[in-house]
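Peer 1: I'd like to ask you about the structure that follows.
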Amino acid sequence: MAAEKLSPATNCASTMTATVLLVVTILSVMAAGEVRALQTGFYDSSCPKAEETIYSTLQLLHVNDPNVPPNLLRLHFHDCFVRGCDGSVLLQGSGTERTAPPNARLEGFRAIDAAKAAVEKLCPGVVSCADILAFAARDSVKMVGGPGWEVPAGRRDGTVSLASEASRNLPGAQMDVNQLTANFAKQGLTRDDMVILSGAHTIGEAACVHIDNRIYDYPSPSGVDPLLPKDFAAKLKKKCRQRGLTNRKFDLDSGTSATFDAQYYSNLANRRGLLTSDQVLYEDARTRPLVLESSNNANFFPKFTQAMVKMSQISPLEGSQGQIRQRCGYVN
């Protein structure tokens, strides 16, 4: 029996039907993707008191330990720069990110564990450790006088953590602007993002060993970086009495180290930045204008919140990817 021939009108109708079905399918997939994408208020229905509980838990810890805010802010940075913001920096074990040299003095893990335990009591298996870390970074800034912001959430926790990747991806304390720009670009961040996110050094400490190159080993007759004011260099050498000290620390912001503010940028303009990677931001003509522009809270705060939101969305695991860890230091 010969195949039935369809009229042009029937062919047209069939084509239109197929096209409509294809569009509906695409829209459905897009809609599903939007549901999985990071969004503010992600836990409003599934765990409405999650953010409030995390903040109150960290606030109590901060009362007894003033280093909680800078430790948690740094922890979030170090997480996002390796495999994206997936909580991989929290995983324990041989060869994990926590064991990498750049993370040797990383702290804040107990605070995250405490926040996770508090949230698990409310909503077991709902809130990821990666999200808790992002909330904690925001809360840490807010607790010491900085701005707050809405944190997009919905991250899943990663199951892989490699020390080699941390060593390869984290920026170094002796990098110049070209190296820093290239390092941040690998994460999809711009040079301006780098300058603004460096402002996180307005709180916290670093080990003396990180400024050996500026007060002992600089290629000058005195071994001191000539950019350092003499009185400031003398103060640093008194604090860091010899090379290689890892158990003695200095404030990254020599003016207002316990307050999140724009003083960091004023320090750079006065040549009182501590790390090489900090001071180069003022010395390089390409980044100096933004340093000067950011030396007041009104300019710095909104730029910092925007950069933090952008950084917190680096390569998140979503949907069926990853897992919601029961304990932040271990894969389920």
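Each Cβ is built from the backbone N, Cα and C atoms, and glycine gets one as well.
Residues annotated as active site, proton acceptor in TrEMBL: HIS78. Under the heading heme b binding site, TrEMBL lists HIS201. The Ca(2+) 2 binding site annotation in TrEMBL covers THR202, ASP253, THR256, ASP261. Feature annotation from TrEMBL assigns disulfide bond to CYS47-CYS123, CYS80-CYS85, CYS129-CYS328, CYS208-CYS240. Among the features that TrEMBL reports, domain 'Plant heme peroxidase family profile' is placed at 37-332. Per TrEMBL, site 'Transition state stabilizer' is recorded for ARG74.
Relative to the rest of the structure, where do these features sit?
Peer 2: Long-range Cβ contacts of HIS78 (active site, proton acceptor) within its own chain (separation 6+, distance under 8 Å): VAL89, GLU97, PRO102, ASN103, LEU106, ALA166, LEU170.
In sequence order, LEU252, ASP253, TYR264, LEU274, LEU275, ASP278 are the residues near HIS201 (heme b binding site), counting only same-chain partners six or more apart with C-beta under 8 A.
Note: CYS47 (disulfide bond) has non-local neighbours VAL119, LEU122, CYS123, VAL126, VAL127, i.e. same-chain residues 6+ apart with C-beta under 8 A of its own C-beta.
Long-range neighbours of CYS129 (disulfide bond) (same chain, six or more residues apart, CB within less than 8 Å of its CB): GLY87, LEU90, ILE112, LYS116, ASP157, ARG325, CYS328.
For CYS208 (disulfide bond), the same-chain residues that are 6 or more apart in sequence and have a Cβ closer than 8 Å to its Cβ are LYS239, CYS240, LEU245, THR246, ARG248, LYS249, PHE250.
Taken as a whole, the domain 'Plant heme peroxidase family profile' (37-332) shows an average pLDDT of 97 in this prediction.
The Cβ neighbour count for ARG74 (site 'Transition state stabilizer'), using a 10 Å radius over every protein chain in view, is 23.
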Peer 1: Could you check which of the recorded positions (ARG74, CYS80, CYS85) sits closest to ASP261 (Ca(2+) 2 binding site), going Cα to Cα?
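Peer 2: Out of the listed candidates, the nearest Cα belongs to ARG74.
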Peer 1: Return only the integer: C-alpha distance in Å from THR202 (Ca(2+) 2 binding site) to ARG74 (site 'Transition state stabilizer').
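Peer 2: So the Cα of ARG74 (site 'Transition state stabilizer') lies 12 Å away from that of THR202 (Ca(2+) 2 binding site).
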Peer 1: List only the single closest residue to ARG74 (site 'Transition state stabilizer'), chosen from the recorded positions CYS80, CYS85, THR256 by CA-CA distance.
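Peer 2: Out of the listed candidates, the nearest Cα belongs to CYS80.
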Peer 1: Measuring Cα to Cα, how far is THR256 (Ca(2+) 2 binding site) from CYS85 (disulfide bond) in Å?
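Peer 2: Just about 29 Å between their Cα atoms.
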Peer 1: I want to check the contact list for CYS80 (disulfide bond): same chain, sequence separation of six or more, C-beta distance under 8 angstroms. What comes out?
Peer 2: GLN187, MET311, SER312, ILE314
Peer 1: Taking every protein chain shown into account, which of the disulfide-bonded residues CYS85, CYS123, CYS240, CYS328 has the largest tally of Cβ atoms within 10 Å of its Cβ?
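Peer 2: Answer by Cβ density within 10 Å: CYS85.
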Peer 1: Please report the number of other Cβ atoms within 10 Å of the Cβ of ASP261 (Ca(2+) 2 binding site).
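Peer 2: Its Cβ shell of radius 10 Å holds 21 other Cβ atoms.
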